[in-house]
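Report on the structure given below.
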Amino acid sequence: MNPALPGAAYNIIPVHDVLADHVALHFPEVRAAVAALQTVGELRKPPGFQWRQGMDLLDWLQGFFGFQEGNVKNQREHLILLLANSQMRVTPPPDPIDRLDQKVVVKLRKKVLKNYRLWCSFMGRPNKLKVYDGRVDERLELLYISLYFLVWGEAANLRFMPECLAFIFHNMVDELNQILEDYIDEMSAMPVRPVSHGENGYLKNVITPLYDIVKEEAAASKDGKAPHSAWRNYDDMNEYFWSNRCFQHLGWPLNLGSNYFVKPAGMLTHKVGKTGFVEQRSFWNLYRSFDRLWVMYILFLQASILITWEEAGPPWTALRQKDISLHLFSLFITWAGLRILQAVLDIWMQRRLMSRETMMFGVRMVLKIVTGVVWVIVFAVLYSQMWRQRRQDGFWSNAANQRLKMLIEAALVFIAPEVLALLLFILPWVRNFIENKDWKIFNLMTWWFQTRLFVGRGLRESLYDNIKYTLFWIMVLAAKFSFSYAFQISPLVRPTRATLRTTNVEYRWHQFFGRGNRIAAVCLWAPVVLVYFMDTQIWYSVFSSLVGALIGLFSHIGEIRSIHQFRLRFPFFASAIQFNLMPEESLLRPRLWGSWSAAFKDLMHRLKLRYGFGSPYKKIEAKQIEERRFAHVWNQIINTFREEDLVSNSEINLLEVPTPKWNISVLQWPAFLLGNEILMALGQARDWQDTDRRLWRKICKNEFRPSAVIECYESLKHILLRKIINEESEDHATLTRLFEQIDSALSQGKFCNEYNLYELPNIHSRVLPLIAALLKRPTQEDTKEVVTALQNLFDVVVRDFPKHKGLQDYLIPRRNDQPLPFVESIILPDPEDNDFFPQLKRVHIVLSTKESISRVPHNLEARRRISFFSNSLFMTMPRAPQVEKMLSFSVLTPYYSESVLYTKNELLDENEEGVSILFYLQKIFPDEWINFLERMSSLGIKESDLWTADKGLELRLWASYRGQTLARTVRGMMYYNRALQIQAFLDSASENDLHGYREMLSRASSMADDSRNGSHVHRDSFGHGQSGSLYKEEQYRAASSLKFTYVVACQIYGNQKAKNEHQAEEILFLMQKFEALRIAYVDEVPGRDAKTFYSVLVKYDPASNQEVEIYRIQLPGPLKLGEGKPENQNHALIFTRGEAVQTIDMNQDNYFEEALKMRNLLQEFTRYYGMRKPTILGVREHVFTGSVSSLAHFMSSQETSFVTLGQRVLANPLKVRMHYGHPDVFDRLWFISRGGISKASRVINISEDIFAGFNCTLRGGNVTHHEYIQVGKGRDVGLNQIALFEAKVASGNGEQTLSRDVYRLGHRLDFFRMLSFYYTTVGFYLNNMMVVLTVYAFLWGRVYLALSGVERGLLSSSTSNSALTAALNQQFIVQLGLFTALPMIVENSIERGFSKAVWDFFTIQLQLASMFFTFSMGTKTHYFGRTLLHGGAKYRATGRGFVVKHERFAENYRLYSRSHFIKGLELALLLVVYEAYGSFSKDTVVYILLTFSSWFLALTWILAPFVFNPSGFDWLKTVDDYEDFFNWVFYRGGVLVKADQSWESWWDEEQDHLRTTGIWGKVFEVILSLRFFFFQYGIVYQLGIANHSTSILVYLLSWIYVVVAFLLHKILSFAHEKYATREHLTYRAIQAFALFFSVLVLIVLIELTSFRFLDLIVSLLAFLPTGWGLLQIAQVLRRPFLERTGMWPTVVTVARLYELGIGILVMVPTAVLSWLPGFQAMQTRILFNQAFSRGLQISRILVGKRPKSY
């Protein structure tokens, strides 16, 4: 250990100074770990390295291998904490306890180096670890572990390449072994020296060369715009180390001349290409990755058509006919053909992989094509011969049957591999064994079927899990195929056959393809086929909802939905806290009968607890230590609510469990449980005529009523006898005798016989004034009021209450000269007595409450959190270990430049409506604002002084904690620290400790915090003034710090500090406020030649009152080579600690009560789920932005169903839950040796989170989901924010489709898990697109039938009804998409109740939720399709603020014109054309049924951005938007002109994807654009001028119109440029001539031809789409053709006119709705909740009355 100054900065443990008096160093396990690392002993000292006394094994490794000092310091603490925490969990504890257990070291080494050992086995090379079973060399084990951590800790971006690190470690550990064996180098005759020796040698000689080539490859990506196949990403660079080429060519030391280091510019020369996989941009990836799925669908479709084509009845009847059943053998021809397609796609997309070194890969792909062709020929020949023989013989003769037999034999051979795969599916352990063993015989057996890869092996689940998800998919597919056969395929057969037979069709245009109706048949089938391929998604939604509901019910989710239910379960709730959150007492004793008996015992305990069986689990009794622990935990939760301003001071008094005082004999429940109980008991007793026992039994029927009665009686007794009456007085003796007589009557069961119970209400009415008088904290001047109240009470009790008048004789007789009772014996309590008055107030509340306190707490968020927390404790979760024995963990949050705290300007700046963020928050969270003002008032701060007190810090914090800020996230995550400190205290606290601490809390809660930073900095105190003293407090903090670390990766924090940005100051404030917070950032230090980059970790040091640097590790170059967020996470990951790491985004929150369950959650890592222990623990999320607006509520509901029910089903039974973002908990040690917690390759990994799940599954990990704990999450709240977010996710899914991870999962998972994976990832987005394509196919098909005349011919035939029915069926199927909302309804039903769920569903429908989700479908479709076709995925900053401003029309146009407006107008145009020329559309009812959903889709895509835009229907804003849009359209672009300033600049940016797309993308874009020419072709034949001619000349002559329009535009444009300014009259003359010429042509056409004036209007429907199609093609051909010609300015001008026209068309309905009264108020009510709507109207009035200031 490298000695340093005693005061040097440290992270958690001062490992640089083991003699320091630091509490963490007092833990024997820490001392054991430190001592183990110091066993350098007789090891040869590093040459040229200054060795000092006290150095340890890591220093020794640094001296030999050239690691950086910062890396060594970081990994030293990292390793010590891992060893110490593992040692703490050893049971029974080792002896001696301060010596490291060898089992701890071996276990850690096995886990950390497991991936290395697997890699060596895969490579066919022995690993270099010289460890042997039965003989443990502790020092050698530690050297191996330390070396790997040091290699990993300094690897920078190479940490994304785990097998590259394995290669480095393999060679370095070989060098280590040589050093340990004193190996002599043969060349130098000197002791061997590692390649990386020397100062920073590892960075310079190993990491930097590898980093440089990765950097060059990343630069070759051209910021993600280059095709993926043109450069090597992280995965390519890593997978190079999956073959022995790395040993043969790369070698050690690294051979910088090998092909691996060839820079991208030299790739073509040196033939260095992709490794393992080539990402090619094509829609065919969807087929190639999931070919088994498409084969199944295509074969069933073919089979269904074959069975139904003969119309022989139901399938079971039709298949009895031999001819029909044998037609099914044609499926094998199709199947073989699909195999050819798969092989062709493989060789086409992966051709760049083929080289001399991968020759066998190319051979296999060619052989697959040849084999497929052979099978097609074999099946085709045998099938045709069979039917030829059948037709020749006229029946199934022996010869025909012989041919059939040959066909069957060929089919059996063909499906033999599938049968084998089925057998291995049934026996999953056999498949896993074959794949996991690196035996050459197994490799040879599987060579034909799959490429040998290091990942994707042994992915089969247990047989039990297989059965579960297989049954699920059997049900889904059975429903899907039954429905498809009966309602999709079968109804279309008859109209299809009739359509093909129809010959009397009179075509309205020139028919190119003869007189057949095949195209008409295609139009009928196209939407059917699309729906057929899509509707499994609907069935999956239905069945997953039902299964998820069942699992949720069996998991006891939603059993406590309200505070009322919570009140009923509160006695069990107290026991549940003790059972789940407190450690087992027998934890130190080993299990005698193994885990099965322990699980059974745990199950029985939970059943008793859940249903109240057995007295130990019914309720906690008073004066037990369990009761005090429960009270402590519960009160901490309530106090946290108060800190968050969720409850008021008065509600705290009602919710807290009071400190046991006054010797009350019963458990003192929170006051909110006892409301109205005294009055109810009085009502029961007042007219009672039976025995005491029966009365008490009746009172005891309510759980809390007897406690309320006893507590009030004993409290009143204590007040009178111990507090306000002098114990030496005669009055005290009198009262003593009185209570003795009452107690005697109660004990003997004679109370009802001796006292008038009807007087109890009168006594109650006399007690209340007495307590009220005492609550005023009376002084001597107020004695009379107290005495009078007491006398009134005494008078009733003595005179009226006893039935027998002997009581007065029993009392001490008074003399005549004696004063009245209590006049001289009263002792008033001290007004400053903070023990007496809170308890007295509680008594008053219990006595005086006249109704049940069911609305406490009032805040909905507090009620939700209490309900969820209490419900979760009755769910199944692992028992909590002691803090000392729990798994340690870290939380990691990436941050760039988002809001840390809201500034004053951000909070007070008003928008056009006069609405500021602060005002918005006050209206959205009114009760929390009132509670905040109450809290500030207790600190002496008035509302008017909020901005002056401490520069408005408290107000800024209050607002920031309600936004999506870093401050909110940090506060939430730091609850882990507080929870662990409290749990560490409870683990070891005695009854006296608990009692003393509760008294301290009670006193603290009654006093305001008088320090300046008191409300800012959490410094939980545990022992002041009690036996633990300050040392115990530090011990609890140290215990927490050993188990929890929070690192925020503030990537540019260094730059922010250098620029004095306010974010840097706010981050420093957070470090000061939360002592466990650490900030990791990249420091850029300028140098002579270039900048030097460092990963730096800092913290706030309270001793020096400043930020201090802990670690500084030099990087080989810039951090960001790929995607920014995963790179940021990766650089900070080395500073995390523990066995687990939770990834948290900075739009998330946490709750104290949930943090209490973290140690339970971490125990899940020790359990088996199926065949494996978890490697990722999925955690439930609560979307806290749901109350902000209606859009936020929609997103919240959708997201909630996904993160609960959706992921619940994915984890169990489907076993395909991945990592869908944060807040999942990772097995940290598992992931750091397998590539980290995300992937970072440019663009392909833009959705970086989910790739961690892909990587986990491919490498044999296991992902589970747990819903007894939740973390808060913010979502986007405005339509534009949501659209940008969904665009990012949809684009990310488009990129995933191209990725190797999706391809490998599609092929390596078994069939049913593959189905689950597909429909929950890229398949979901493809099916969204198919819904839209179905509408397109349906409408285009209908327009074709209408314009061609085929529809009229069908209408005249007998098949029209069948065809119409089939069409309506498809519309019905599309509308079945509503079933995708079923998960949302089901999950709401589970958690909130069915009636509330239904009501909520109808409410959001009234808020136009259907419009929102339909609009979102368009967003997903557009960006998913564009990314697949052209690329262009990029990070889109959504902004996480509150949307309270009106978005300009121009901004909405820029965002939605291509994704929604153009498509919506196209659909509307199709619908108009069909209505005008269709035959079915003449019937209004039929037209509505056919086109309702299409009209809804079109109008939604056009109007939704304005419906969900604040003040979207305000007339003045609409006028302003109109002017702003025109200015934007006509503003000329330029180099420095941004897209929001000029239409031309935006138009150029919109074509970016066409600049980077490939040749096939451009071809496909041109093909898609040709559809717009169809309008012209179809409509010109309907014009009057065509005179019913169907000649092709009609269409060709119609192009004259286009040419004339183009020439007129050119003439006018030329005239404008040349004459408009200087020769204005000439310009006007040319315009007049053009107008005159146009009118003359119209007159001539009308007079001389059949042209009608209506043709002029109708022709717009024909020629405007043609112009748009020409524009689209011109954009594709812009580079390198049109842009350099004189045509391009004309293209730009025409495009501007089109955009202007489209904008006007979109704006017209908005303007009309803005002009109509009432729509604006309705829209505001739809968008925002009622409170904000009222507030907005008030604000407008105030703004209107506010005098203008100049």
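Including glycine, each Cβ sits where the backbone N, Cα and C put it.
TrEMBL has this to say about the protein:
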DOMAIN    139-255  domain '1,3-beta-glucan synthase component FKS1-like'
TRANSMEM  366-386  transmembrane segment
TRANSMEM  406-429  transmembrane segment
TRANSMEM  471-492  transmembrane segment
TRANSMEM  538-557  transmembrane segment
TRANSMEM  1317-1343  transmembrane segment
TRANSMEM  1484-1508  transmembrane segment
TRANSMEM  1559-1580  transmembrane segment
TRANSMEM  1592-1613  transmembrane segment
TRANSMEM  1625-1646  transmembrane segment
TRANSMEM  1653-1677  transmembrane segment
TRANSMEM  1697-1716  transmembrane segment
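Per-residue pLDDT, averaged along the domain '1,3-beta-glucan synthase component FKS1-like' (139-255), amounts to 92 for this model.
Sequence-distant residue pairs (6 or more apart) of the transmembrane segment (1653-1677) and the transmembrane segment (1559-1580) include at least 3 whose Cβ atoms are under 8 Å, placing the two stretches in contact.
For the domain '1,3-beta-glucan synthase component FKS1-like' (139-255), residue counts in helix, strand and coil come to 77 helix, 2 strand, 38 coil, using DSSP. Long-range Cβ contacts of the transmembrane segment (538-557) within its own chain (Cβ-Cβ under 8 Å, at least 6 residues beyond either end) map to 472, 475-476, 479-480, 483, 610, 871, 874-876, 1204-1206, 1208-1209, 1212-1213, 1267, 1319, 1376-1377, 1379-1380, 1382-1383, 1385-1387, 1389-1391. For the transmembrane segment (1697-1716), the neighbouring stretch richest in Cβ pairs under 8 Å, chosen from 471-492, 1317-1343, 1484-1508, 1559-1580, 1592-1613, is 1484-1508.
Relative to the transmembrane segment (1484-1508), the listed stretch 1317-1343 leads the set 406-429, 471-492, 1317-1343, 1559-1580 in CB pairs under 8 A.
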